[in-house]
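Here's a structure for you.
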Amino acid sequence: MISQIDKAELLERFLHYVSFHTQSKPNAKHSPSSVGQMKLAMQLQKELIQLGLENVEVSKYAVVTAFLPANDPNLTKTIGLVAHLDTSPQCSGKNVRPEVIEEYRGGDIALGIGEEFISPVYYSFMQKLVGQTLIVTDGTTLLGADNKAGIAEIMTALSILQKENIPHCNIRVAFTPDEEIGLGIHYFPMEKFSCDWAYTIDGGEVGELEYENFNAATAKVRFFGRNIHTGYAKGKMLNALTLACEFQQVFPVDEVPEKTDGKAGFYHLEDFSGDIEQVELTYLIRDFDEQNFAQRKAFIKNQVEKFNAKKGLKKPIELEIQDSYQNMYDVVKNVPQSIELADRAMKAVGIKPNHKPIRGGTDGAFLASKGLACPNIFTGGYNFHSKHELVSLQGMENTVQVIIEMLKCKDL
């Protein structure tokens, strides 16, 4: 088990990291998309050097890489650890003011002095956290446990390995920018991250082990109208807003995020913006199955063609579809040791592994597309991307324990 001193160190690290404003910016054309990410990258570079890691570098894109050689000649594997610097653009990450609740007693938790609260009535998992130390928000921002809990856990595990001289394999570490907007990983220096397999430390509840994720794409549908003074609009105005609303009705009403779970895919209208003359709809397309994923993209294309044929518009609606990431399972299944090692590590520290698909994506999906198996490990956090985000300190301890156990590389 981790000592009390290390528990305090873990909490201190986490609280320090969330003080950095690293919210990524949607539609950014360069990485990092925010200055705070580079500031955190430089801080982590300094700490990694202090911990004795080698080849510690920060690229101009704010990708941090480092290496810790094995201290046992019998441990020849190289394992990678990955976490991301940025926080979600879906909720403010500026001026995060965490609140620490010692020995949560159950019931509602008031957040700050406003009207926000979190309740086991809405979040049943809170019943499992009674007696634990919880870190919550003040109700005005997200917390940043996604993914600064993962960063703190990796750094604390490295610190313990070094202080206690625990036998370990070769370790590569990477901290990446702009994971939340799918941008930073495209600047990832694979040549500096040569390893047998890796893990993103970017999951949620204790025990989660994830190695399947959505295939993902984004579709943008643009509508063009014609504006005329409303008093004289009859037979002349063409309202792009009305066209967009009509088009939205063609989608299956039950194939949306709020009505699907498990391995069910969906269409998600993420953004509706514009005016009478021009509107853009942004859809997220998600599915675990590659064939179903292709069919979903074809469905939107066909609906656009039908809509244009039906309306006979002078300027037809336009469609742009861009793939975001692929299901990592096709790569991970060929490296079963990556799953077996995580399984054994969890069981060794008394945690029951919970294999589940990721209804989202991680940097591991991109790394898998480059041939590197990269399952995802829990962080102990919940309610990511929201003011109700929280993390359990005991859950974070569990993650550190699992990381250390994995890096011992027993029976490999």
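Glycine is treated like the rest: Cβ placed from N, Cα and C.
Since this is a predicted model, take the numbers as computed values, not measurements.
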According to Swiss-Prot, ASP146, HIS385 bind Zn(2+) 2; which one of GLU102, GLU103, GLU180 is annotated to that same site?
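Swiss-Prot lists ASP146, HIS385 binding Zn(2+) 2, and from GLU102, GLU103, GLU180 it also lists GLU180.
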Look at the Zn(2+) 1 binding annotation in Swiss-Prot, where HIS84, ASP146 are given, and name the residue from ASP6, ASP196, ASP202, ASP254 listed for that site too.
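Of the residues offered, the record points to ASP202.
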Quick one: which residues besides HIS84, ASP146, ASP202 have a Cβ within 8 Å of the Zn(2+) 1 site's Cβ centroid, in sequence order?
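Sorted by sequence, the hits are ALA83, ASN147, GLY150, GLU179, GLU180, THR200, ILE201, THR362, THR379, PHE384.
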Where HIS385 (Zn(2+) 2 binding site) and ASP146 (Zn(2+) 1 binding site) are concerned, what is their Cα separation in Å, rounded?
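HIS385 (Zn(2+) 2 binding site) and ASP146 (Zn(2+) 1 binding site) have their Cα atoms 8 Å apart.
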Note the Cβ centroid of ASP146, GLU180, HIS385, the recorded Zn(2+) 2 site, then list each other residue of that chain whose Cβ lies within 8 Å of it, in sequence.
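Neighbours within 8 Å of the Cβ centroid, excluding ASP146, GLU180, HIS385: ASP86, THR87, SER88, GLN90, LEU142, ASN147, PHE384.
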Counting Cβ atoms within 10 Å across all protein chains shown, which of the active-site residues ASP86, GLU179 comes out on top?
ASP86
Around GLU180 (Zn(2+) 2 binding site), which of the listed recorded positions (HIS84, ASP86, ASP202) come within 10 Å, judging by Cα atoms?
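HIS84, ASP86, listed in sequence order.
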